[in-house]
Amino acid sequence: MSDSEAETASMETTRMYKDDLELSRMSLYLSSQDLIINSPEAARHIRPESITFDSTPGDISVDFVLVSSSKAKAPVDIDGWNRRSAFEERIKEQGLLLEEDVVGGLTFVKVHAPIPVLRRYCEILKLRMPMKEYPMTEHIPEKGFDLIEKIKKVVGRIIRVFITIDPGPFVPAKYILTAEYSREKSYLFNEDDPEFFSAEVRTLVIDFILNRVSWGKDQSDVNCVGIQCLLDGGVYRAAYPLHDGEHTTENSLRHQLYVEWAMMSKWIRKQPIDQIKEYLGVKYAFYFTWLGFYTHLLIPAAILGLIVFFYGIFTFPNNRFSSDICNDKDTIMCPLCDRTCDYWELSNTCFYARLTYLFDNDLTVIFAFLMSIWATLFLELWKRYSATITHRWGLTGFTFEAEHPRPQYLARLAGSNHTKVNIVTGNIEPTVPLWKKIPATLFSISVLLLLIMVAIAAVFGVVLYRMSVLASLSLTNQSDWMSTYSNIFIPTTAAIINLVCIQLLNFVYDKVAIYLTEMELLRTQTEFDESLTIKIYLFQFVNYYTSIIYIAFLKGKNVGYPAKYLRIFNLRQEECSPGGCLMELSIQLFIIMVGQQALNTVVEMIIPVGLNWFNSLTENTGRLDNLKSSSEEEDLATAVKKPWIEDYKLLDWGPRGLFPEYLEMVMQYGFVTLFVTAFPLGPFFALLNNVFEMRLDAKKFMKYFRRPIPHRVPNIGVWYRVLDILGKLAVITNAFIIAFSSNYIPRMVYISLVSEDNTDKGFLNNTLAYFDTKDFESGIAPLSSSYTNVTYCRYKDYRNPPWSPQKYERPTFYYEVLVARLTFIVIFQNIVSLVKVAVQWLIPDVPNALSDRIKRESYLTTQMIIKNEAKKAAEVEHMDGMLHGVNSPQSL
């Protein structure tokens, strides 16, 4: 090789990388190299060679589809700027190939990414790609003792003796070592394999380009960046990757997943997570992996809850407390409201007391303790399992700091003098100055707090409804049935009203949260999604749980007594029944949790089917009307069956993606953990719902929705932190429910300190205080009463009787019970905390075998690079020696 030839080769290599850079300058991916090039040549755009894009079978693939209306092929604004033409011209400048297919009233723009474009953007995106199979990578030793793995093997062998789960026809994908793609290290990858750049990679690259191309005259205008703005403006009607044929197409992965995974009849089979990842992408595969893991761990929780429930059923005839209420025909209770309410008999709450015992029995405390441990185990085991899945899918070491900034973020900060260096990538990036960020954040928090107060006000309105219905029932002198079951009727209707309020407030806040998050100028799409998630979840938390928290911790706790009620806004507070508020709490949980799940299930079954059918009828994708000849009719009938047309009729995911699915499940997890003591059947209903939810979601994804963009994520993201916080709160809430909403602690104190025979005989009488009807406040006593000569009435509280020298004051027993309650909370929390520490110590975040494997793979990859770099250096030295007529040592 002559000097001129070597110089020419060097110049060609330099030109190739510069050309690649120029092809990417219109795409807002922002690299450090992009910022430092200031030469005049950097302003020009290099066009790729023109390649014929024929849509006939057997030619290059259709990787993405853009759909617009044929009637307005080139939307023009008032300045004559053609938005669609400008956008398509600029994505061509990135190297993508386009071809139009006009069918009916729509234009389908088919997009293909050539190999050079894929290579360039795989390097920009830092995608981990499968490496070549080297002999030394086939057998990687796995060492290290792992207690959890040993337990799993023993338990698995025992389970397999009684139960065998059919794994289905899918087999786990072969594990292949991956590395971050680099064109300089192309020797690590088998690029000649036609499947090297998979459909997932092609979609990721095209989506990245489409979301970062600026199509406006002013490229710093945030409203002129990316495909989403054009979709919102109606320039394009849809943008999506293609499915793998119809869901009925034989031998396609879509058909296999639909038949063997999405069908309800396959509910007992394991999920083929590797195939789900291959078809839907990592983000959606992680959702199904987490949902399956959560559903499996609900099985022991559901069994424990059923044990508590059936224990209550079999033993409630022997429960002295409820029997005393049902058999007591003489005890007259004080009125539940002012003037219009009458005295009532304690035995009226018989049915309510018996239902309460089903959930509030001797096993309830053990169940609450075990469920607190269950929440810890669930998170620790999931963290461990997700680490294994993350490594299996080639995402170990993936960090969101390496994620590219949002195009809207870059466009809004275009020309900003505030920059910083990304600590991971080393790129210089614009940053939001503090004086811009603080006002937006404060405004966002203020609006969030305001809407939270609105949600709390809605709960307060429901409380007023309960009080007004109670007073109206007394005024209208309802039948004995209504009087007997008012404790069930009023909470049930109130819970239904609360559920309706929840749905209405959710709809309003959902719109507001998106606007607030856009104001915050968040750097990456992940940060944007997480901020939006936290906002909506906080509101949902208050919206769903406020009424439950009120019943569990506030209702009937400090209402005063008939001679001196403690009032709020001159309104008398609600009281619990003599059996406590636990049953009302259970009703509230059942209505909101089970009602919400049932509503979502119906919506997921009916809405996709209806919308899909409606789209098929209304979309103008080739109607057979006004045709001039039979040949045109045949051609159009054939065109309608094209895959890009069939996929257009499917439903769009929208920008929110999996957020509604995660939100539904995390809200359910909150019900299962935070208030499970009051509703032990919660895990069972959650398990039952999730069995249907998993298959309905799968069917929805496979049949009714377009194929999603396969975004990369290393885990379930911010949802793990939400679950972790819920797990910590669950210990507190369950301890307080047992201590203050249940009769367990007062009953134990009574048996230990008061009872002569160490039983709960007389416990009911101990919980009811006496009140002299002469001591009523002015305007409190009933105007008229069906009971005559009522001298004393009873009310639920610990107070001295009217004949005591310190009448209506707190007795010593009240403080003994209070100390016992607080002591129980401290002991409960400390025991659970100790168990949590032990669990976290015994269960490492990353399995020992996986940790060893990661270290081994890192070493092997480094050795491969060193070996190949040394080989390349030797070849260069050899060529240099030949150039100067001297044999190198390697040539001898």
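Note that Cβ sites are derived from N, Cα and C of the backbone, with glycine treated the same way.
Note: TrEMBL annotation is automatic and uncurated.
Listed ranges 532-553, 818-839; the one TrEMBL annotates as transmembrane segment is 532-553.
In summary, the transmembrane segment (669-692) does not lie against the transmembrane segment (488-509): fewer than three C-beta pairs, each 6 or more positions apart in sequence, are under 8 Å. Mean model confidence of the domain 'Anoctamin dimerisation' (60-273) amounts to 78 (pLDDT, 0 to 100 scale). Listed as Cβ neighbours of the transmembrane segment (363-382) (distance under 8 Å, sequence separation of 6 or more from its ends, same chain) are residues 148, 290, 293-294, 297, 300-301, 304-305, 307-308, 311, 673, 676-677, 680, 683, 720, 723-724, 726-727, 730-731, 734-735, 737-738, 742, 744, 828, 831-832, 835-836, 839-840, 843. By the count of Cβ pairs under 8 Å, the stretch nearest in packing to the transmembrane segment (284-314) among 442-468, 532-553, 713-740 is 713-740. Long-range neighbours of the transmembrane segment (713-740) within the same chain, counting only residues 6 or more positions beyond its ends whose Cβ lies under 8 Å from a Cβ of the stretch, are 282-283, 286-287, 290, 364-365, 368, 371-372, 375-376, 378-379, 382-383, 386, 390, 395-396, 398-399, 526, 529-530, 533-534, 537, 552-553, 557, 582, 585, 662, 666, 669-670, 673-678, 821-822, 824-825, 828-829, 832-833. Nonlocal intrachain contacts for the transmembrane segment (488-509), taken as residues 6+ away from its ends with a CB within less than 8 angstroms of a stretch CB, comprise 351-352, 451, 454-455, 458-459, 461-462, 465-466, 469-470, 482, 536, 539-540, 543-544, 547, 584, 587-588, 590-592, 595-596. Sequence-distant contacts of the transmembrane segment (532-553) (same chain, six or more residues past either end, CB-CB distance under 8 Å): 444, 448, 451-452, 455-456, 459, 462-463, 495, 498, 502, 505-506, 509-510, 513-514, 516-517, 581, 584-585, 588-589, 592, 596, 659, 662-663, 666-667, 670, 674-675, 678, 717-719, 722, 733, 736-737, 740-741.
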